[in-house]
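Database features (Swiss-Prot):
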{"type": "TRANSMEM", "residues": "25-45", "note": "transmembrane segment"}
{"type": "TRANSMEM", "residues": "72-92", "note": "transmembrane segment"}
{"type": "TRANSMEM", "residues": "130-150", "note": "transmembrane segment"}
{"type": "CARBOHYD", "residues": "N198", "note": "N-linked glycosylation site"}
{"type": "CARBOHYD", "residues": "N218", "note": "N-linked glycosylation site"}
{"type": "TRANSMEM", "residues": "241-261", "note": "transmembrane segment"}
{"type": "TRANSMEM", "residues": "269-289", "note": "transmembrane segment"}
{"type": "CARBOHYD", "residues": "N299", "note": "N-linked glycosylation site"}
{"type": "CARBOHYD", "residues": "N359", "note": "N-linked glycosylation site"}
{"type": "TRANSMEM", "residues": "365-385", "note": "transmembrane segment"}
{"type": "TRANSMEM", "residues": "397-417", "note": "transmembrane segment"}
{"type": "TRANSMEM", "residues": "429-449", "note": "transmembrane segment"}
{"type": "TRANSMEM", "residues": "467-487", "note": "transmembrane segment"}
{"type": "CARBOHYD", "residues": "N489", "note": "N-linked glycosylation site"}
{"type": "TRANSMEM", "residues": "496-516", "note": "transmembrane segment"}
Amino acid sequence: MNSPIQLHKKFSTTVWHVLSWILYAVGAGPTAIISMGVYVPLIVMKNAHDHGFLRTDHTIPCSLYPEEPCSLNIVGPLWIDVSSIVFAASAISTFLQMAMMVSLGVICDYGNNRRYILFSCVIIGSISGIILSWSPSSFLLGKIVFLILVDLNFIISQSCYDSFLPIFLRFYPITRGPITLESALQDETDDLDSYITNTTIDSSEEEPYLLEHSLILNESAPPADVEDEHKAKIAARLSSVGFGSFFGAAILFQIIFTPILYKTNNNPIILPITVTVCSCWWLILSTPLCTIVTLPVENHSSDAILTLLYNSVKESYHSFKHAMSISSIRLFLFSRLFINCGIQTSLSSAVIFGKARLNLSNFQLTLLGMGISSFALLGTVIIPYLTEYFQLNSLQVVMIISILLPMAPLYGLLGYIPGFENAGIRTSADVFRATLFFGFFLGGAHSYCRSVYAQLVPSGKETRFFALYALISQTGVLFSHISLTLISNYTSDLRAVYIFVIVVMTLPLSSLWIMYQHSKTPNLHRSSS
């Protein structure tokens, strides 16, 4: 087995590696934002509506009354609202994602499994999207299965994709020079000697150490040296490049296809064409990272796949117990679960209920998706500047965003209060205003949550703790989809959705406030423990 020094000599990160990583983000963006975010759900809902019956009597075909609430018979006496179909399929997909994340995270670390699994997921996801788009309307059950496959394989591939960057950073050659894409990676790379000789803190001492040294938890902590601060800024910029490439490519595709959809008067054939183009784009641009880029083989195992699966589940359980024993991580993971749940609920309901309840056209929904992407990208650029201007840390930014995000559903609920009948979300213009406001804080919520968590994770245990972070985030998504399925299936009143989102998005505030109080008076935690 190769030692770390031998691996470092044999493998060296180049600009091509990083460009391949960014290229994947350019390919995945249109699939996530346009295809999976808007067009695939619309195709499935349209097919479900064609096979459904009015919700009021379950006998009159929905095709005769396209604007009335519609239900679909699943089996026997079980009926489900058409808008709930996508939520239910997404809930099944998210549950499968959580189950697979527990095992695949460990398997990817052995041999070349990371590349193989990534490319397999991209191929299956791309082909599933194309088949879903062009299959006949009578193939409704098959479309739902392919919807689950597209969503499942995209999320799993995204998890594999995220794991490439730490490897590129660790094996980048250490040189000194001006700040470029290369030097940014070089600055983020740890010194090889410290990588080899690094020792981790005993688990019983981790929490006191975090409280004493983390600037997130203790504002009076010893300041980090200039190099560490510089490296943190460079890491944030690199993350922004990937995030910007992801949304930038989606915006470019929306600029191309939105006028086409408008010129063809919302011709439904544009939807499968767009999904096909996005799927092929994702497959083509993922090829360099999956096939050409080679990584060092750091871990070997002669164990069978089933043994690796068992060990990975066991390791994930111990990681969960370990994380829950550290109060700061426990509090933040609780906050992250509900923040992600609120975000996912708001974005999903904007598209699905915009179509089902407010009868937004495909063109309007495409514009809405473009607005979300554009404002999310705008927020990613502006929020860091505001953070530096007001000298805020990452935890304070997350708190502010968590306070502002519930304002959108609160505005929607306002229209149901006597005396405010003209307010609320009642027209397409109202949907655009509320969603764009929400979209502006979308990028900041995700990036700053990741930044806070990165400063809480014990040294030497980053991989397993970030796998837990992804698992908690997906738990929030699962909770969102199940809740929306139940709400939309039992009531057509949007007040239930608004109230649910407000409650979910205010729950994290108490945990974030406790963490903030620890940063002001770190001894408070020790005296209470």
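Each Cβ is built from the backbone N, Cα and C atoms, and glycine gets one as well.
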(message) Below 8 Å between Cβ atoms, which of the listed ranges 72-92, 269-289, 365-385, 397-417, 467-487 makes the most pairs with the transmembrane segment (496-516)?
(response) 397-417
(message) Before we move on, state whether the transmembrane segment (365-385) and the transmembrane segment (25-45) share at least 3 Cβ pairs under 8 Å, counting only pairs 6 or more apart in sequence.
(response) yes
(request) Counting other Cβ atoms within 10 Å, pick out the least crowded of the glycosylation sites N359, N489. (result) N359
(request) State the residues, same chain only, that lie 6 or more residues beyond the ends of the transmembrane segment (241-261) and have a CB under 8 A from a CB inside it; answer 'none' if no residue qualifies. (result) 21-22, 25-30, 32-34, 165, 181, 267, 270, 274, 277-278, 281, 362-363, 366-367, 369-370, 373-374, 376-377, 380-381, 443, 447
(request) Find the member of 72-92, 130-150, 397-417, 467-487 that has more C-beta pairs under 8 Å to the transmembrane segment (25-45) than any other listed stretch. (result) 130-150
(request) Using C-alpha atoms only, work out the spacing between N359 (N-linked glycosylation site) and N489 (N-linked glycosylation site) and round it to an integer in Å. (result) 18
(message) Assess whether the transmembrane segment (72-92) lies in contact with the transmembrane segment (467-487), where contact requires at least three Cβ pairs under 8 Å among residues 6 or more apart in sequence.
(response) yes
